[in-house]
Amino acid sequence: MNPEYDYLFKLLLIGDSGVGKSCLLLRFSDDSYVESYISTIGVDFKIRTVEQDGKTIKLQIWDTAGQERFRTITSSYYRGAHGIIIVYDVTDEESFNNVKQWLSEIDRYASDNVNKLLVGNKSDLTENRAIPYETAKAFADEIGIPFMETSAKDATNVEQAFMAMSASIKERMASQPAGNNARPPTVQIRGQPVAQKNGCCST
């Protein structure tokens, strides 16, 4: 067990290109926002350590490229994820319609019990809204996953989204048999014995 934290959770941000995944990550990890962004190439990640219920939780958050040409690269990152956040743009109907495709990617590549959260980003752009809150909420309820709208620009619900995901993973871990949690991280992320060497360079 690492004395610096009680749990390490690997989170994955997925969704169409341009929906604001990188902006959400930047807002949560660094509390900053940039108006112009450069599309993520392959994958990027940031780490933030949080306190929840008296436990120290290290969140390793992976930001994936939304473009089709990177799909093969990013699909390999699903396997070790404890939680996956599916992001769409509330002003972009196509990005919402494609959520089903992203969910099928999760079914194909991620572990069966992975925690999921649907996030509608750019909620600050009220005049350009294409997807009503009620529509997305009904869809999320139908498939049985939590839903939240966020704005990386004005920081609305960004902290809450990541903390809610962390709490749901922690709750799931607590209900599992002892030893089957996120400590140490090499077990969860790589599926290899702790003593295994050179297994964490790509995580």
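Note: Cβ is positioned from N, Cα and C throughout, glycine not excepted.
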### Query
When Swiss-Prot marks a stretch as motif 'Effector region', which of 19-27, 37-45, 136-144 is it?
37-45
### Summary
According to DSSP, G15 (GTP binding site) sits in coil
### Summary
When each of the binding-site residues V19, C23 is scored by other CB atoms within 10 A, the minimum falls on C23
### Message
Highest Cβ count within 10 Å among the binding-site residues G15, K153: which residue is it?
### Response
G15
